[in-house]
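K.L.:
Here you go, one structure.
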Amino acid sequence: MVGAAMQMADGLKEQLQSLTEGVAFLWPEITLVVGLLLVLLFDLIFQNKKEVGIAAISISVLSFLLVAQCLSFVPNLEAKDLFVGLITVSSGANLFKIGFTLTALFALIMAAQSKKYAQQYFSSSEWLVSLFGLLLGAFLMTASSNLLMIYVSIEVVSISSYLLTGLGKGLKKSEAALKYLLYGAAASAVMLYGMSWLYGLTGSLDINTDTFIVGMNAAQPFTLNIAIFMVLAGVLFKLGAFPLHIWSPDVYESAPMPTVTVFSIVPKLAAVFVLFRLISSTETTDFNWQQWLGILAIGGMTIGNFSALWQRNAKRMLAYSSIAHAAFMLSGVLLFNRAGIEVTVFYAFIYLIMNLAAFYLIQVFENATGSVNFDSFRGLGKTMPYTAILLLVVMISLTGLPPVAGFNAKLFLFSAVYEGYVSTGDQIILWVFIFGLLNTVVSLFYYIRIPYLLFFKTGDQIITKQEGFRWHMAWGTFLVLPLFLLFFRSDWFVDLLNSINFVF
Amino acid sequence: MLLLGALMFCVGLFVVFTRKNAIMVLIGIELMLNSANLNLVTFSRFDPQALQGQIFSLFVITIAAAEAAVALAIVVKVYKYFKTSDLDKINSMKG
Amino acid sequence: MIDLLDIISPQSSAYLPWILALLILPIFSFATTGFMKGKAPYWSSAIIASNLLVAAYLATVFWNEPLTIRGNWFKLGENQFTYSFYLDKLALTMSLIVNFVALLVHIFSTEYMRTDANKPRYFAYLGLFTFSMMGIVLFNDLLFIFIFWELVGVSSYLLIGFWFQKKSASLAANKAFILNRIGDLGFITGLMILFTQFHSLDLDAVKSLMIMSEIEDGNWVVNFMQGGKEVISSMDGRWLSAGGIALFCGAVGKSAQFPLQVWLPDAMEGPTPVSALIHAATMVAAGVYMLARIFVLLDAQALEVVAIVGAVTAFMAAIAALSQFDIKKVLAYSTISQLGYMVLAMGVGAYSAGLFHLITHAFFKAGLFLSAGIIIHQLHHLEKGGKKFDPQDMRVMGGLRRKLPVTFFAFVICSLALAGLPGFSGFLSKDAILLDLAVWADIKGGGFYIPEVLAFMTVVLTAFYTFRMIYLVFFGEFRLPKILGDASLPNKLKEGNLWVTVPAVIFALLSFTFPFGFTLNADHSWVMEALKTPMYLVPESYAATSLLDVPEETFHGLHKTVNIVSILLALAGLFIAWLSYKPGAKLEKTFIERREPVGVLGQISFYHWYQNSLYQNIFLKAILAKSRALAWFDQYVLDEAVNLLAKLNVVIAHVTRWFDQVFVDGLVNLTAASVGKVGQLTRSIQSGNIQAQILVTFIFLLTLILLLVV
Amino acid sequence: MEHLLSYIVFIPLVGAALVLLTPKAYEHLYRVLAISSTGLTLLLILFAVTSFNGALVPEISGEGNLQMMEKASWFSLKLGSLGALSVDYFLGVDGLNISMVLLAGIVLFIGAIACWNIKEKKKAYFSLYLLLCTSVLGCFVALDFFLFYLFFEFMLLPMYFLIGIWGGPRREYAAIKFFLYTLAGSILILIVMIGLYNSVYDPIKTAEMAGLSMAEYAISDIQSMVLEGQIDKTEVVKSFNMLHMADSANYIPGSLLDKSGLGTLFGQPIRWIAFLAILIGFAIKLPAFPFHTWLPDAHVEAPTPLSVVLAGILLKVGGYGLIRTAYAMFPDAAFHYAWLIGFIGMFSIIYGAMNALAQKDLKKLIAFSSVSHMGFVLLGLAAMTSEGVSGAIYQMFSHGLISSMLFLIAGVIYDRTHDRMIENYGGLAHQLPKYTVFVGIAFFASLGLPGFSGFIAELFVFLGAFKSASVIGAIPAWMAVVSTLGLVLAAGYYLWTFQKMFLGKFWVKEKKWVPALKDLTIHEYLMLVPLVILIIAFGVYPSLLLDLINSGVESFIDHLTASI
Amino acid sequence: MELEAILFYFFAGITAFSVLFIAVTRNILYAAFALILTFIGVAGLFVFMGAEFIAITQILVYVGGILVLLVFGIMLTHRLKGQKLKTDRYQMLFGFLISAGIFGLFIQSIHSGAFSNLPWVDQEYSQEVELKSFGLSLMTDYVLAFEVIGILLLVALIGAVRIAGNARKEGTDAA
């Protein structure tokens, strides 16, 4: 009895040691929490004129985080299971985290520049707290290697998202938040239910353990399929992919620009990472990922692109476009070989930059005209030429044409898909390839609308011609420049990806 | 037991589909979550590590609570705007 | 084995500058005359005169030993393209004729165009024409012949359309060019065939390789070396005939043969001296010249086609010439008819006779045109200040022999040559053709007598329309004063001055027999001696029977008969013309009042077998209608179809949207309807209903599961 | 001169940058900048052409005897199981593209002069124009497919805006149509490009990767090692090199587009489908029936200089692309589909001409005549004989000059009256005699009159197309014969137009046009006279061009025949 | 054992019955109270499966927390002036079809999944879970998740308060 207790105590000691060891790896998350608390405290302590302080704190925390992450980034990190397998730290995850931090930072910048709402974002802490919460959740999503942790982190992201949507005044916002929440809650309930089955099938929540994998392999295909598919549904919800994409246009339309920017990037990419995790531990099972994801990708591209054609509102259009892009990423994910992973990550990062730039620039126009309806873009090419050109470049990139990185992303992606078809001969991959290319053509129709309106149409509204330097030009350039750079030297980034060992 | 879980889940789903009232929908979602809990605890009985399922369900309960709180806050806010909590009337967006 | 590159290896000569001078002088005239203003006629005449001197000099040097000059032009793949000049008697004769006629026409035009503001342009065009024509004559390479062939077409286009403010002139120019182009399609096809087979278009090479080619199993095969590599060319034997016929098509266009001859009458819209130069003496003869150049490459079948086309043309045009009012039209049809003779001659193998006729015709027809030109020019003077009338219409003429005696002289001499009466050049050459034709028909037999019959009938017709013209123009009374009601007119009418009469008289003199030998037998003419019929070079099984292989006796036997028959026929024509159109004859009277001939035959003749209407109203209309239909198709069907793809996109977008969102409502409606709550129907036709969305999501999920798992 | 080609390609880009940097106050400098940078480019191109050695026989399927080659590794990636992928900055000229570079230099320079009268938004206009110049030139000298595609796609945007902003009344429609059509085509090309680089490896780089020294092994050794699997799959370096793609030995054994692999799709070998895709892609650009419908609209709406550039050089990218990619890389498929291509060519010739016959708008007429003339390019290519291919290249060159002139001419009348309807004019020769002379020359040159470059080109195509049947058997002889109809129709529509507009009595629809109808200005002479001289020079002395392209075409034909 | 079995089925019966009642009733309050029953039933079942702690938490959190929230929500959104607390229903047919379809699917897969035959379910660890080990593992193995949940709750509460508070303020503003 005593021996057992001793043993247990020893075990506990070891455990505690490993926990403290693990804490060291969690410094980004801890920084976030600290930042969150700082903002909160600042909000509580000071009464008036808190904006500057809150903004300063949040921006400096994020900047610090970004710099620190970049500096400490090691490409070929050994994947480490921490917290008794709850999370796994890997270079890939770290890379994604850098992307998330960057996005969040930019969202802050956008918030600060927003004409309409700048006050609102920083006047009290909720928005930032939710944002930090979302970021934290996303960080954890990339690290989770346990069903429990996956669920918890996804919920953190979700709830933060609901809050972000619902915060602030406005009828549309609360409506969207409610819908988002109900939809999301239903989706996560489905996922949870699926997880409970997976647990039942394997007896383990840790998806990296042998028990889990053995259990999965032993499971009856029918049940397994349904269970995994239910879990997949939750991830697809975060990814905003077909068929769980329906919420996104409404939410995008009603949420403020910085929030949407975060929504369109962070949860999506985190979900991609979770998907990688799920696939890697269920690859050997009867669940035919190629088939499932193939169909989802085809459906997503088609619905996303074609619905986008219909839109008259830049944000809604970008919502559908992001559905389509999610589908493109899925088509990279479904290959699940080294190449597939790399091209997906490449695509994801290009997507990140493109979307940041797109939303940023659209906000610039929104600031000028007060609307994101297509009609308001008419003739702005004349009054704000530089910004319009930047937006044009981004649209080209989103379409996937040279000489911007969107082209490389699509090129590599399709190459990988093509190669995937050649090496496996799987018919569904071929269809994904074909649909992907067709959809690229389709996508042009709506992406080109914005430049078309900007340059070819004349607007009714009188906006004085902007000449000379504006800060937003610098930021826009800062965002667009990488698109060119990564087109001309995509090897820089791909080499980096090459050196990363993607372990999930 | 699993069947009961399945039943709960599906009834929850049914409620989510069919009831117009936002709060009823929330009730449905709670049912769905609870059904998952039921599964987890059931399986947990066979777990050599004994605890995973139970702990998971503990977290689920917590999260459900948080979610419910947020949800109700939003419902209340929506009610202020729309003077109703019927979901089919809460509709200002089209597209 | 012969190496192609050896055949076409460059050959130089010290005389190259002289030959080039023949080309450069006229083009120099073209380039500079435009800037000469009032002095343009003299300047260009001087240049052409010097060109004539060059041609004459070359003729004296190379008359007896032909000169070949060849140089490399460019290399296309392995094929060396060369330029080559070949000065044999034919080329020299032609260059003399061209320059000579051109010179006289220049001189004539000096007076004829004196008052025209654009005369520098006119003389420049003449220079261009002479240049192109010399190119055809001098080059010994089918490609170059073709190139200058087209250039001649352009200069003809420019000259016909010289008075471009007249719509009819510009249309006539178009017509001439386009119909010539149609013929040229054949030419270019012929070039393709020969090039494919022989890898060169140099006539020397083509001829040398043609001798070596054989027919094996119905295939036309030739074996030779090209730059050390062996080449075996082989194609279906029928291409051999096709090649000949195709090349002949070029001649059909240029020499106004059936069915492309309709451009020539219209071409009379050009100034009359131009008609004399281009559409009588030289350019239209280029087709015959070209046939002579490729004569040895034609096989039996091609030659038959040539002969038949020639005979048909000769006859049809002669019929058409019977009833024209316009003096130039008569001459034009007569030209077509005579060209038909020449082509017929080539077709039957009467090479020398054909060329002989070309030469004689060049002179007497140029003479006729120039004389007609004088008449028109002088009548045109009457128009000044007075009422307008058509100075080319024979109905306004009559009795001009007294007013224009020199012209009358020239005109009649030339007409006699045209009608083929003994003592005049036309007699010699036409006789030679008829003789060879008779022999040919005898050899061939059967249906091949038809060309002979047509040709002999044409003799009658020729004599008839020639004298009809003479009677109407020069005899009887001057009808214009009556028509215009101005009695003073006859006094105003004067003979042309020396600028115009001298060239006409020179041509008239050249229409006698004596320049071609003091003989009534064509065989004794120096021309026939100089231009000996060559042997066919095509593979034996395809070759026609050469007249050279026919024993002399056959000719002798037929000679007298043909001679007599043709003289009798010509006299018969003359007699009928005298009967019908002598002053005071019935036809002559009605002629003046008619607006157009009556009766079926009259109409057919006047409208030239309605060929023009056929083309204008049926072919051209069909083509234009088709092109409009295609344009419509392009704009409304094809374009729309492709746009439809784009629209389809939008449609799909609608459908997808419908699928994505309206479908939900559809389901909602269905649900509503199914529980009888119609009132909800309208309300739920809204998007953005979250529960419906969830529902649809689950429908998708369920469907996917059912699809993939079950 | 080292990096000559790079200078040629990027000088206009520098010009564009300068235009952008020059403040608005010095607006008048923009056109000077444009003209001087394209002029400098032209000078460099002339220098390149004179130093080009036409006697060197290039190796179409390798880098042997490629001239003025510039090759630098752009980027190379390892893409996991995809193997490595290398993209080079790879420029070079051989007999197949030198003529196009020359043409581009000339046309772009003339186009720049034609931009003289642009009045609004000069900065944007001239920078876009110069950008267009760079991409066009880049397209012709790039020998790396990736680079080529970059330039190819990048032509679209400047063109899109140039038409869309400075075009005629229906410019938006035309711009979008142009853009979408060409884009659809380029997507097809992209598909094939992906397939190609996934199937082709670079033997030299593969050797490097596998640690083999090129000193010890010949390229063929490496190729046989790859064939026999002695080099590991992951060590195979995939290549975008267009020349490597042309060598069937460089295809990874068993890959989709490998000749021996012969995978099938819809019952057809994938190589054939790939060929068709790339064919359609470039046929849209060319344009050939039935993908030509964007052309009339684009031409009609585009401002004059753009029409000049579009007809003069952009269409040629299609033809050149076919030669360099479709034909060089898929000779077997090209042979298999020769009949189809020949037929499309023939049909385009006649169809374009028939359509031109029915047009009322001068620019549309010229546009359809372009369709007709570009049909010759297809016909010549389909023949797969050296005459045919030379003819195709010659036709592209000559059509580039002639159609530039035609559009300039259409621009002259449009500048004066803002009307292009043929039926609204008559007897212009009285009012504008000098202009009429140039119109006449242009029309006759375009209808294939000997002495002008168009004749030589069309003749070569005919000779080659006819010869094809007996030499290689690609297309039947009758196609050449039927195509000659195009000549007559061309004569028809040009002469009738000429007759309607310039001959007859002077008449214009609106009285107010009369004072505006002044004869050519010096500035217009500056554009037209050089073109006339060039058209005649290339028509009289074909060696000017043939000496440049002959050995290239020979080698190309050898390459084709060897792989049928 | 008999009693246990009876109790077990009793709780299961309560759960099933109350769940079905929720599905049928249109009254929101009834539904809320039926939910309590369900939770109690489920909690009872948890006890039978050796998860007393969870059972207690369930009752505490759900009944004490969530339900109270729900009822508050109901109160706040329905002014109780004779207004019936009824909810409209729609999409009955499709909702039913889909739910039933999924239910059928689940039954099918539970059946074919044969969970009781899975290798890891072979032996039944019916040992009681010590609260101590439960807590220990919560604070060691799952400490991270535990902390995260804490933050989540913090964020959620701040957010919820803000949203609801805002709404009230705005509501009055509007009114």
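Cβ atoms are placed via backbone N, Cα and C, with glycine included.
What TrEMBL records for this protein is below:
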- D:142-230: domain 'NADH:quinone oxidoreductase/Mrp antiporter transmembrane' (DOMAIN)
- D:266-474: domain 'NADH:quinone oxidoreductase/Mrp antiporter transmembrane' (DOMAIN)
- D:7-26: transmembrane segment (TRANSMEM)
- D:32-52: transmembrane segment (TRANSMEM)
- D:98-118: transmembrane segment (TRANSMEM)
- D:125-143: transmembrane segment (TRANSMEM)
- D:149-166: transmembrane segment (TRANSMEM)
- D:270-291: transmembrane segment (TRANSMEM)
- D:303-323: transmembrane segment (TRANSMEM)
- D:335-353: transmembrane segment (TRANSMEM)
- D:365-386: transmembrane segment (TRANSMEM)
- D:392-414: transmembrane segment (TRANSMEM)
- D:435-463: transmembrane segment (TRANSMEM)
- D:525-544: transmembrane segment (TRANSMEM)
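Please go over these features one by one and say how buried each is and what sits next to it.
P.N.:
Secondary structure of the domain 'NADH:quinone oxidoreductase/Mrp antiporter transmembrane' (D:142-230) per DSSP, as helix, strand and coil residue counts: 67 helix, 4 strand, 18 coil.
Sequence-distant contacts of the transmembrane segment (D:7-26), counting only residues of its own chain at least 6 positions beyond either end whose CB sits under 8 Å from a CB of the stretch, comprise 1, 33-34, 36-38, 40-41, 44-45, 48, 91, 101, 105, 108, 123, 126-128, 130-131, 133-134, 137-138, 141.
Within the same chain, residues 1, 4-5, 7-8, 11-12, 14-15, 18-19, 22, 67-68, 93, 98, 101-102, 104-106, 108-109, 111-113, 115, 126, 129-130, 133, 137, 548 sit at least 6 positions outside the transmembrane segment (D:32-52) and bring their C-beta atoms closer than 8 Å to a C-beta of that stretch.
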K.L.:
Between the transmembrane segment (D:435-463) and the transmembrane segment (D:365-386), are there three or more C-beta pairs closer than 8 Å, counting only pairs 6 or more apart along the chain?
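P.N.:
Per Cβ check, the transmembrane segment (D:435-463) touches the transmembrane segment (D:365-386).
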K.L.:
Counting only pairs at least 6 apart in sequence, do the transmembrane segment (D:392-414) and the transmembrane segment (D:98-118) share 3+ Cβ pairs under 8 Å?
P.N.:
yes
K.L.:
Cβ under 8 Å, sequence separation of at least 6 from the ends of the transmembrane segment (D:125-143): give me the contacting residues as numbers and ranges.
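P.N.:
Answer is 5, 8-10, 12-13, 15-17, 19-20, 30-31, 33-34, 37-38, 41, 66, 90-93, 97, 100-101, 104-105, 108, 111-112, 115, 118, 150-152, 154-155, 158-159, 161-162, 165-166, 241-243, 305, 309, 313-314, 317, 320.
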K.L.:
Give residue numbers and ranges for long-range contacts of the transmembrane segment (D:303-323): same chain, 6 or more residues beyond its ends, CB-CB under 8 A.
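P.N.:
For the transmembrane segment (D:303-323), the nonlocal Cβ contacts are 96-97, 100, 103-104, 107-108, 110-112, 114-115, 118, 129, 132, 136, 139-140, 148, 152, 155, 159, 162-163, 166-168, 189, 278-279, 281-287, 295, 363, 366-367, 370, 374, 377-378, 381, 389, 392-393, 396-397, 399-401, 403-404, 406-408, 410-411, 414-415, 556.
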K.L.:
Mind checking which residues of the chain, 6+ beyond the ends of the transmembrane segment (D:270-291), have their Cβ under 8 Å from one of its Cβ atoms?
P.N.:
181-182, 184-189, 191-192, 195-196, 256-257, 259, 262-264, 314-315, 317-319, 321-322, 325-326, 330, 332-334, 336-337, 341, 344-345, 347-348, 351-352, 371, 374-375, 377-378
K.L.:
Taking contact to mean three or more C-beta pairs under 8 angstroms, with sequence separation of 6 or more, is the transmembrane segment (D:335-353) in contact with the transmembrane segment (D:149-166)?
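P.N.:
Stretch pair does not touch.
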K.L.:
Excluding the flanking five residues on each side, which residues at least 6 beyond the ends of the transmembrane segment (D:98-118) place their CB within less than 8 Å of a CB in that stretch?
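P.N.:
Result: 8, 12, 31, 34-35, 38-39, 41-42, 45-46, 48-49, 52, 125-126, 129, 133, 136-137, 140-141, 166, 303-306, 308-309, 312-313, 316, 320, 393-394, 396-397, 400-401, 404, 408, 411, 415, 523, 526-527, 530-531, 534, 545, 548-549, 552.
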